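This report refers to the structure that appears directly beneath it.
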Amino acid sequence: MTLRKTAGYLWNPISLIGFLLAVVATGLIIAFIAMEMITGIDHPYIGLLVYFAFPGMLILGLILVPIGAWRVRNQRRTEVPEEVPPYPRVDFNDPHKRRLFIFFVLASVIFVLIVSVASILGFEFTESTTFCGELCHVVMEPEHKAWQGSPHARVKCVECHVGPGAEWYVKAKLSGLRQVWAVLTHSYHFPIATPIENLRPARDTCEQCHWPEKFYSGRQRVFYHYAPNKENTPREINMLIKIGGTPKSPHAMGIHWHIGTEVTYIARDRKRLDIPYVAVKQKDGSIVEYMDTEKPLTREEIAKAEKRRMDCIDCHNRPTHIYRSPAREMDEHIVSGQIDAGLPYIKKVAVEILEQPYKSKEEAHAAIEAKLPEYYAKNFPEVAKVKAAAINQAVAHVKDIYSRNFFPRMKVTWSTYPNHIGHFYTPGCFRCHDGKHKTSTGKIISKDCNMCHEMIGQKGENIPEGKVVKEFVHPADIGDALYNVNCSDCHMAAAEDSAGGEGPGKH
């Protein structure tokens, strides 16, 4: 009996299923890649199918083909051992085997080409912001939304979170497997906890584009605010921010002194808001230690604690994923003309509506659409008629403010993640510069405002026009609290950036 004439080894259910999977997967890969190239569609779930699911399906199919053939051959060798040799014979003089060999070579070349192209494109896909930000849509929506409106919106996620080199690429992908599992099993945190553990040092990533020596002199900055009153009175703070020192000077000074000098610290909490210990390495190699006088650490605690060397991220901890307070967002929208400052109490009312708790984005949008026009119809009916278009435009922008800074599904709001730049809503600079960190000889880390910024001018309802302001004037008279209390103690508690709101509000 000639077994080949009756049926080949590949004619079995397992091998046929493998053939079917391989052919279908190949067709789908080619079709979807062609569609992406022709239409320009870059959808994360299409990428997941094309670069992972379909190649996996192809490989599985090609594994099933020889498994099925091997099972049939073993079975036939058991039945007719004299006609089936222990090992396959490759005889190129046999036309049938020659054709099979040519088919095998061509199929292998096609397989390698398809898998190679899919692997390269798959690698590029995993490096894309589409993969990082949109594939796990619910989990990453807050971060992706913040990135889209950030100063680094044209910088890919991997350039900061992974950086150059194969070592950190492998580490990132291995860490990513744990995160994928957390998403699949819904075991991730609400909200995502920060700072991220084992994040690549900022000197390896941030300093690919930025480095402390690049920023020399000061930078003028004007902060525009509006009082939460009927007139939305404009307030203006004009400052010189002392970023660095004199170009090519050996004297480190300004804000970036912290990076030019070796500074280490110990934080009590995960978010690094409570810093009881700071150590500065002097040029002669000696170490100067500053201890919190109110809550000092013992020597034993210092020895056991994790010491972190200060880098960019200790101040610029939200360089891209930035969430802004409703008050600050309203200031920016009013000064840009997107929201009409002529609408009475528009800042106060909008902030109050935005700060209400909502179960979903849809509920928040519905509340904004209802409450803002209702407020003007009830309290300022003439304004509601004359400025109906401005009110509708304000509604659209307030909804956008909510969408960019509040994410109920992930339990994220603008205040969830402290931003250490400045000291307005969080302690920021005052974590160390609080006047309470002292050395054993009595030297303190100064809280002098002029160390980091210098007042050029200020305008406000309580400042006479034309008056030259050299020191900051608070919009409300708070006495010595201006110097004895941190800004964030009041502003974060009230979720506002300015005092002076009086009269109607409460939509």
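Quick reminder: no glycine exception, Cβ is built from N, Cα and C everywhere.
Predicted, not measured: the structure shown is a model, and the values here were computed from it.
Copied over from Swiss-Prot, here are the features:
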- 14-34: transmembrane segment (TRANSMEM)
- 45-65: transmembrane segment (TRANSMEM)
- 100-120: transmembrane segment (TRANSMEM)
- C132, C136, M140, D400: heme 1 binding site (BINDING)
- H152, C449, C452, H453: heme 3 binding site (BINDING)
- C157, C160, H161, E496: heme 2 binding site (BINDING)
- C487, C490, H491: heme 4 binding site (BINDING)
C449 (heme 3 binding site) and C132 (heme 1 binding site), Cα-Cα, nearest whole angstrom: 40
Length of the line joining the Cα atoms of M140 (heme 1 binding site) and H453 (heme 3 binding site), in Å: 36
Intrachain neighbours beyond the transmembrane segment (45-65), with Cβ under 8 angstroms and 6 or more residues off its ends: 10, 14-15, 17-26, 28-29, 32-33, 36, 111, 114-115, 118-119, 121-122, 125-126, 128, 130-131, 135
Other CB atoms, at most 10 A from the CB of H161 (heme 2 binding site): 16
Alpha-carbon distance [D400 (heme 1 binding site); C157 (heme 2 binding site)] in Å: 23
Cβ-Cβ neighbours of C157 (heme 2 binding site) (radius 10 Å): 20
Cα-to-Cα gap, C136 (heme 1 binding site) vs H161 (heme 2 binding site), nearest whole Å: 17
Fewest-neighbour residue among binding-site residues, criterion Cβ within 10 Å, set H152, H453, H491: H152
Other CB atoms, at most 10 A from the CB of C452 (heme 3 binding site): 20
Protein Cβ atoms within 10 Å of C490 (heme 4 binding site), excluding its own: 14
Nearest of the binding-site residues (C160, H161, D400) to H453 (heme 3 binding site), judged by Cα-Cα distance: C160
Three-state secondary structure, which DSSP defines for H152 (heme 3 binding site): coil
For C449 (heme 3 binding site): DSSP state (helix, strand, coil): helix
Same-chain residues at least 6 apart in sequence whose Cβ lies under 8 Å from C449 (heme 3 binding site): E471, F472
Spatial neighbours of C160 (heme 2 binding site) that are distant in sequence (at least 6 apart) but have CB under 8 A: H152, T205, C206, P319, T320
